[in-house]
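Enquirer: First, the structure itself, so that you have it in front of you.
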Amino acid sequence: MVVKSIKEKSSSFFLYFCSKGFKKPASPQQGTKGNAVSSEQKPPGGWKAMPFILGNETFERFATIGLLSNFMVYLMKKFNMDQVSASNVLNIWSGVSNFAPLIGAFISDAYVGRFATIAVASVASFMGMLTITLTAWIPQLQPPQCPAEHQLHGHCISPSKAQLGVLLTGLGLLSIGTGGIRPCSIPFGIDQFDPTTEEGAKGINSFFNWYYTTFTLVILLTLTLVVYIQDSVSWVLGLGIPTLLMAASIVLFLIGTRIYVHVKPQGSIFSSIAQVFVAAYNKRHLKLPAEGQEFGVFYDPPLKEYVLSKLPLTYQFRFLNKAAITTKNDLEDDGSPKKWWLCSIQDVEEVKCLIRIIPIWASGIISFTAMAQQGTFTLSQALKMNRHLGPKFQIPAGSMGVISMLTIGIFLPVYDRIMVPSLRKITKHEGGITLLQRIGIGNFFSILAMVAAGVFEQKRRNSATLHPGAAPISVFWLSPQLILMGFCEAFNILGQIEFFNKQFPEHMRSIANSLIFCSWAGSSYLSSIVVNVVHHVTGGHGHPDWLTNDINAGRLDYFYYILAVMSAFNFLYFLYVAHRYRYKGQARIEPKSEPDVELSSM
């Protein structure tokens, strides 16, 4: 599960970095389109606030990733769950946690602000981790221990309803914490700097550098040290250390309260999206003008705030254009539009951007489903393989995700510095290849990864069944599928991040962030459905199902082949929707005074 948790958090970092790299907010002393803006603004907290924010971030990530890095093993060993039940718990919980940031972002943007959201969410995360740690500490909160040979045959005592209730309560509190922390943590750090100044722009750049540095250190420590403590020393200690660090992160965060810049809630983008659909429905009986005769028909006021691009009127999804048709009673006495009855062309075209992207976004769900197996059945494979390095040290099964992360870390610089310049000479495209081509390559790698997983699982199973007395094969036979999955992530996830950020209008990029998390959520639910269908349909007539607890008796390789077939159909679907996709049009709006500060180049 740690692999998935890491990717979700890294997506948050890259998404916000991309979104901040494309625009420069208006100066507080300068209005837009002639509108005055108040110059009264508290000086940014700047680097005075960074020890508290980065300290909170580091401890929080160490706590949550460290807690969940080995959770599949914990459920199987301490709660006597079979691998299907443990996989279902993780997938369902992951789905809830990845939909939660949508709610958290809405509450933060529209009502309480980022500071309060992070503070409350951090307390919820601590309570959740404390609850799960107690399940390892207090014997009454877990079923009786069961020998490994009994677990293989399903002869263990299952957890009671009360024990499951406590466990699920802890996971629920963690989901609440995730919903508040994930969409707000990086933006809150950026709030501490004034990007309209040279010092502030440099501060933002340094913040990202320090953020990613601490993030990398946390990954290495959790995938090695914390997982080793959980596997080889004590589950109570291995879960208790991250819990104590989460408590420390809350204290550190609250100490800096008076230093922080507290940006007031500005309202949510979701309400403006809803207004377009409602206004179009209210005017569904109106007739649209013919092409070339739109002048004076549609509401097209000056932009209310500074943006880089004004979206031109398009004729795809033409029914939404009715939301911008001006009628007699659509304007208030002061000339402002009536809510739910009139929207600007810009509002309508922004919603169209979202609609166009949905088919591309949907293709990521199945691709992410393949990635999700790294935290479930790949871990089950590792538990059955030889994980020894030397006579005494044994690699924790949860640490195998390091291979995928190392692949990404090594490949991305090579891709950026060597492959892209070479491809640029051939294709004449700035990025070497288009973003949709990059996503498509990632989808293709998901097919290869699942085929490789099936092939090497068959090899592992044959070795175990044909030579039962021999030592199991090395765990490094899992490397090919993990390396291929690393390539899948490098192309697909990062390609989607950049694609969403470039195809969404600037102030809608928070939705791009949410879409990635929703992809993870959808993949979690889809994975759970596929696992349960395979578990209940296969087997019978004296034969165990493919996903039986003893994977040596099952056919996990067939399950991987099913995912490969699903990924292949998904690849064909992606090629179809990518061919039909039309990129966002724009008319660039140049600033009247100060030059742009290109944060993306820092």
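Here the Cβ of each residue, glycine as well, is placed from N, Cα and C on the backbone.
Annotated transmembrane segment per TrEMBL: 88-108, 114-138, 210-229, 235-255, 354-373, 393-415, 435-456, 476-494, 515-538, 558-578, in sequence order.
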Enquirer: Thinking of Cβ pairs under 8 Å, which stretch from 210-229, 235-255, 393-415, 435-456, 515-538 has the most of them with the transmembrane segment (558-578)?
Expert: 435-456
Enquirer: Can we call the transmembrane segment (515-538) and the transmembrane segment (354-373) in contact, meaning three or more C-beta pairs below 8 angstroms at a sequence separation of 6+?
Expert: yes
Enquirer: For the transmembrane segment (235-255) and the transmembrane segment (393-415), check the count of CB pairs under 8 Å (sequence separation 6 or more) and say whether it reaches 3 or more.
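Expert: The answer is no, given that the two segments have fewer than 3 Cβ pairs within the 8 Å cut-off.
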